[in-house]
Amino acid sequence: MLNTVYRLYAPRSFQPIVLDAPIVDKVIVRPTYLSICNADQRYYQGTRSKEVLRRKLPMALIHEGVGEVVSDQTGVFSRGAKVVLLPNDPTETDPVIAENYLTSSHFCGSGYDGFLQEAMILSPERLVELPRDINLEVAAFTELVSVAVHAVSRFEGIAHNRKQSIGVWGDGNLGFIVSLVLRRVFPNAEVVVYGRNREKLNDFTFVSRICLVDEENLPTVDHAFECCGGDGSIAAIDQIIDRIRPEGTISLLGVSENPVPINTRMVLEKGLRLFGSSRSGRKDFERTVALYESNPEMLEYLQSLVNEVRVIRSVSDISAAFEADIRKPMGKTIMKWEM
Ligand SMILES: NC(=O)C1=CN([C@@H]2O[C@H](COP(=O)(O)OP(=O)(O)OC[C@H]3O[C@@H](n4cnc5c(N)ncnc54)[C@H](OP(=O)(O)O)[C@@H]3O)[C@@H](O)[C@H]2O)C=CC1
Ligand SMILES: O=C(CO)[C@H](O)[C@H](O)COP(=O)(O)O
Ligand SMILES: [Zn+2]
């Protein structure tokens with residue numbers, strides 16, 4: 001089938017290309033709502049290293065999105081079903097290593113074409129059906145929610161049992177979503193959010209406590225999640241190591257372009273466990289949709305992260321959405337895909 005793919009050829013430069021893709025045993029999905037991630041911005045703005053840009057571009061961006069099934073040769077989905085698109089494409093299974101950590105996996109929008117396409121032609125395993133009445137502007141960033149669910153699921157297996165207080169560093173989108181997932185998964189735990197912006201923190205209405213990182217006498221916590229990324233990770237990890245109680249677990253989620261120095265002396269002295277999480281897999285998407293179904297108020301909270309919805313009908317609309325996303329105060333930029 002001929003399919004138009006909108007690739008980034010160089011920073012700030014998108015161009016369409018028509019490709020012929022096989023459709024045998026595939027589901028054809030029309031993307032409907034797509035959402036921009038910080039990882040897309042790093043390619044769009046060219047802030048990745050020259051070597052990475054040379055290796056990964058040209059490439060269609062976007063790994064957060066939902067769509068509507070146009071046809072399914074496998075018979076799993078009915079025409080018109082609303083689905084979330086799974087960006088990770090495993091090429092093998094492993095009894096120990098999760099699909100999102102297998103080096104053989106392909107990830108849309110990071111070395112492989114993402115969802116900026118006229119149609120997504122996928123195996124049925126790369127789609128999870130959504131409730132029919134779901135708010136699609138919110139569902140568009142289900143992938144980011146599944147990343148939080150993935151990190152919290154791993155935390156359940158790694159952290160010790162005392163989970164009375166859990167700290168989340170970062171008052172952006174990921175910090176908001178991780179806090180919301182923690183609230184639902186550990187309803188009896190105190191969730192404390194540490195941020196740099198009073199206005200952003202005010203939106204975290206569902207947590208036990210909010211703190212500005214430069215306040216004095218910040219509370220201590222049993223465990224912590226780092227959701228800052230960039231240069232902010234350095235100060236955040238330093239503060240976490242200071243404020244976490246002995247034998248606590250630190251979940252690292254923020255992406256930094258440069259190596260981050262860590263106070264290993266105190267990591268040793270406190271007996272801390274640090275673990276990183278990146279991306280997510282099918283079981284995380286399934287758990288996310290199950291959480292949406294059992295906690296419908298989650299979708300209402302997530303709605304407050306929708307900063308802007310932009311209709312996309314041309315290549316210049318895509319660029320305008322990315323430029324608007326750079327200037328946004330907080331939240332997600334959603335693209336209503338009409339290409
Ligand atoms: N592991 C994974 O699979 C994924 C990782 N990410 C990464 O997670 C990071 C966060 O993403 P996202 O939430 O969307 O980005 P945002 O920019 O929305 O949020 C980051 C927030 O952290 C705040 N911050 C920075 N430094 C500190 C600090 N020392 N203490 C407390 N808060 C701080 C920032 O404040 P200010 O605005 O003042 O700088 C900002 O509000 C990014 O690096 C992103 O790439 C995203 C998706 C998946
Ligand atoms: O955003 C993410 C997942 O949602 C990850 O941070 C992203 O996939 C990392 O990939 P890259 O190496 O291309 O930045
Ligand atoms: Zn992402």
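In case you wondered, yes, glycine gets a Cβ from its N, Cα and C as well.
Quantities reported herein were computed from a predicted structural model and do not represent experimental measurements.
Features as listed in TrEMBL:
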- Cys37, His63, Glu64, Glu143: Zn(2+) binding site (BINDING)
- 25-131: domain 'Alcohol dehydrogenase-like N-terminal' (DOMAIN)
- 221-292: domain 'Alcohol dehydrogenase-like C-terminal' (DOMAIN)
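Of all the binding-site residues listed here (Glu64, Glu143), the one with the fewest other CB atoms within 10 A of its own CB is Glu143. All protein chains included, Cys37 (Zn(2+) binding site) registers 24 other Cβ atoms within 10 Å of its own Cβ.
Glu143 (Zn(2+) binding site) falls within a helix when secondary structure is assigned with DSSP.
The number of other Cβ atoms within 10 Å of the Cβ belonging to His63 (Zn(2+) binding site), over all protein chains shown, comes to 24.
Sorting each residue of the domain 'Alcohol dehydrogenase-like C-terminal' (221-292) by its DSSP state yields 30 helix, 14 strand, 28 coil. In this structure, none of the binding-site residues His63, Glu64, Glu143 sits close to ligand 1 with a C-beta under 6 angstroms from any of its atoms.
Using the Cβ center of Cys37, His63, Glu64, Glu143 for Zn(2+), the list of other same-chain residues with Cβ within 8 Å runs, in sequence order, Ser35, Ala39, Asp40, Ile62, Gly65, Pro87, Gly109, Phe141, Leu144.
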